[in-house]
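K.L.:
Under the heading DNA-binding region, TrEMBL lists 87-129. Here TrEMBL flags 85-128 as domain 'Homeobox'. The annotation domain 'TLC' is assigned in TrEMBL to 131-330. Summarising the annotation, TrEMBL assigns transmembrane segment to 37-57, 136-155, 204-223, 263-283, 303-326.
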Amino acid sequence: MVSYVSAWIWSERFWLPENVTWADLERSPPGVDYPHARHLACALPLAVVVFLFRLLFERLVAKPCANILHIQTGVRRQVQPNALLEKFYQSKTIPDHKHLEGLSKQLDWDLRKLQRWFRVRREQDRPTTETKFCESLWRFTFYSGIFIYAVYNMWHSPWIWDTRQCWYNYPFQVKDHYNYYVAELAFYWSLMFSQFTDIQRKDFLIMFIHHLATILLITFSYANNMLRAGALVMCVHDASDIFLEAAKLANYAKYQRLCDAQFVVFTLVFFITRLIIFPFWIIRSVLFESWEIIGPYQAWWVLNGLLLVLQVLHVFWFYLIICIAIKSIFKGKVSKDDRSDIESSSDEEINSNSKSRKTQFVTDGHSYSIDILEMKLYLLQFFHIGALLHDSD
């Protein structure tokens, strides 16, 4: 049964061009190593190392930077300890009216006091600005480092400048940029781990599926020896993430002009990389040049379908960015990380806090809502499978 399932998963008719078998890839010439899925096994232990390094980075680098920039953790109200309410809160953070009435009878508390307890308890679980700054600084550092590494190592590769060479002699190509692939895969495995240790976010399930899709598609492209096209896709998508994280950092540090400038750069880089380079350079090569050189096969159709869907999402994504920017310029927006909050809205809370929220959230007329943008981008990243041949936090 196991061998049957394995043969079905690794069907040569699906994965490989006509007249190519897995055995052909095993028989590589002396000194030549073709990619195999088993090569990625080291990504799991490396992900643990990345995760531990992130913890050290946030403690030894990010937090001191936050202190230098005077980003405070803030002092929050603490709820009155209550074992019954705490146990209920762990299963349901926003009780409905029926549950509130039941708890009210058990504790002899009025409904307003219970609502206030749950509101303050949710507030305790929200990450502080310092926490969000540390997370963004870590992602900014990784994206910057991996992008520079990728460009440095691929710059002199002939297939970057002549994308037809991505398909010559395919799939019998050497294991190009193995370290780049493993680093990206380990990073996304570490994000998967950290979801269970970080404060739970509203988009937990969406991001879990997103990270899982990213991991599967990085593995897919490596096992299928599409490393050249996959490396180009990952590099193009990492470029704009750098400036998004930079804009968020400036936003948390309250450097509004720098935040605005970074947002403009992010928008321009996004447009150039994902609406020009990605469709007219990478997709064109994968769709037309590969058809001409190696011909279509089953995995080829899946790959191109994912890339085309991704490009449609890029167009919609960019439209979303422009809409948010226009609203920010003309109406002013909220500098609040909605994505970081555990779901906490209720009619009682909205009514009781509307006055203080006006003071807390309205900005100076043209600040950009980086974190609201991030929340919407991550919702779209549930579908971000092609980024991937790979793929944000």
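Cβ atoms are placed via backbone N, Cα and C, with glycine included.
All TrEMBL annotations are machine predictions without curation.
Just so it is clear, the model here is predicted, and its values are computed rather than measured.
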K.L.:
What is the pLDDT of the domain 'TLC' (131-330) when averaged and given as a whole number?
P.N.:
87
K.L.:
In the DNA-binding region (87-129), how many residues does DSSP call helix, how many strand, and how many coil?
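P.N.:
Across the DNA-binding region (87-129), the residues distribute as 32 helix, 0 strand, 11 coil.
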